[in-house]
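Q: My questions all concern the structure below.
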């Protein structure tokens, strides 16, 4: 049984190599036309568009003050005073401060946490 399996494997390998050589020689002799993809233009790489500057900064992005951050409860957290500032999560009080002082990116409503409310 093993000998039969080895013999079939060898015959199959010889067949694969011989058919590959036929295709290569026919292609070199221009007997076969190269396959053209009719949808190649559809998948062509498009030129990247320049990113426009956003009016607000997402979480983890650079900021100058709380009004630069997008989320209602986001605050501008700075290391070493005013250096390495980025938007991080704040709280309800942050939202109220932003509502009072920010003219752009002003929160419409401030979400309240349901953790402290007693249900009953």
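Glycine is treated like the rest: Cβ placed from N, Cα and C.
Sharing the record's features from Swiss-Prot:
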type: DISULFID; residues: 56-70; note: disulfide bond
type: DISULFID; residues: 63-76; note: disulfide bond
type: DISULFID; residues: 69-87; note: disulfide bond
type: DISULFID; residues: 78-85; note: disulfide bond
type: DOMAIN; residues: 56-95; note: domain 'Agouti'
type: SIGNAL; residues: 1-16; note: signal peptide
Q: Averaged over the domain 'Agouti' (56-95), what pLDDT does the prediction give?
A: 85
Q: Could you tell me the C-alpha distance between residue 63 (disulfide bond) and residue 70 (disulfide bond) in angstrom, no decimals?
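A: The separation of the Cα atoms works out to 10 Å.
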Q: Between C-alpha atoms, which of these disulfide-bonded residues comes nearest to residue 87 (disulfide bond): 56, 70, 76, 78?
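A: Spatially nearest to residue 87 (disulfide bond) by Cα position is 76.
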Q: Which disulfide-bonded residues (56, 76, 85) fall within 10 Å of residue 69 (disulfide bond) by Cα distance?
A: 56, 76
Q: Just name the most isolated of the disulfide-bonded residues 63, 69, going by other Cβ atoms within 10 Å of its Cβ.
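A: Comparing Cβ neighbours within 10 Å for the disulfide-bonded residues 63, 69, 63 has the fewest.
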Q: Distance check, please: Cα of residue 76 (disulfide bond) against Cα of residue 85 (disulfide bond), rounded to an integer number of angstrom.
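A: Rounded to a whole number, the Cα-Cα distance is 6 Å.
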Q: Given residue 78 (disulfide bond) and residue 70 (disulfide bond), what distance in Å do their CA atoms have, once rounded to a whole number?
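A: Pair distance, Cα basis, whole Å: 16 Å.
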Q: Between residue 56 (disulfide bond) and residue 85 (disulfide bond), find the distance joining the two CA atoms and give it rounded to the nearest Å.
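A: So the alpha carbons of residue 56 (disulfide bond) and residue 85 (disulfide bond) sit roughly 14 Å from each other.
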Q: From the DSSP assignment alone, can you count helix, strand and coil residues within the domain 'Agouti' (56-95)?
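A: Once the DSSP states are binned, the domain 'Agouti' (56-95) shows 7 helix, 16 strand, 17 coil.
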Q: Validating a neighbour-count step here. Other CB atoms within 10 A of the CB of residue 78 (disulfide bond): how many?
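A: Its Cβ has 14 other Cβ atoms within 10 Å.
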